[in-house]
Amino acid sequence: MSRSNRQKEYKCGDLVFAKMKGYPHWPARIDEMPEAAVKSTANKYQVFFFGTHETAFLGPKDLFPYEESKEKFGKPNKRKGFSEGLWEIENNPTVKASGYQSSQKKSCVEEPEPEPEATEGDGDKKGNAEGSSDEEGKLVIDEPTKEKNEKGALKRRAGDLLEDSPKRPKEAEDLEGEEKEGATLEGERPLPVEAEKNSTPSEPGSGRGPPQEEEEEEEEEEAAKEDAEAPGLRDHESL
């Protein structure tokens, strides 16, 4: 009987019991074989397991026709997904897993239990999420760089303003000093005018100088008279 199983050929959609190492004969369906995997999996069929929605590549020796082996292998089993698989093969034999890809490769010898397709889908999503997080990280790194550049530009502008600010007060001081000098010159200019007014004679045509000069001349005349009288007095006293 096993010899006939090895020689039996299955086609897509055939319902079988598939035997994997470490697992009971499981309700399954012969699925499509991808063209890319035909050479590497010669004489092996891609099998879809009901209940678990996993896939594997198995040879004819590990496959048994469902109708012929239902009484032998279709007994209830405590393994998770087995009862669901028996229900699906009877009521929904065309079921497919969400995100199922027929190109996935599984081997009963290499893998004790085929992994569900959903796991691979989750891995892809996770990879995409990691990729997006990397992009976000780049953006976050770029933003501080831009902020640093902007801050550097602001610092440079502030430094230029500080350098210009001491020059401006100095220029303002120079302007103020010039204005003060101009004011002092203007304040000194009226003094000669006043001196000219004081030097003018009190009465026009009198020919006399200022009152102070007249007083000095009178004092000098009196002193000369006293000196002239002084010898006469001395001679009289000597007599």
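Including glycine, each Cβ sits where the backbone N, Cα and C put it.
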Select from 75-80, 201-206 the stretch of residues annotated by Swiss-Prot as motif 'Nuclear localization signal'.
75-80
For the domain 'PWWP' (12-69), what are the DSSP-based totals of helix, strand and coil residues?
10 helix, 22 strand, 26 coil
Do me a favour and check the Cα-Cα span between Lys21 (heparin binding site) and Cys12 (disulfide bond); whole Å is fine.
23
My understanding is the cutoff is Cβ-Cβ under 8 Å with a sequence separation of 6 or more in the same chain; which residues meet that for Lys72 (heparin binding site)?
His25
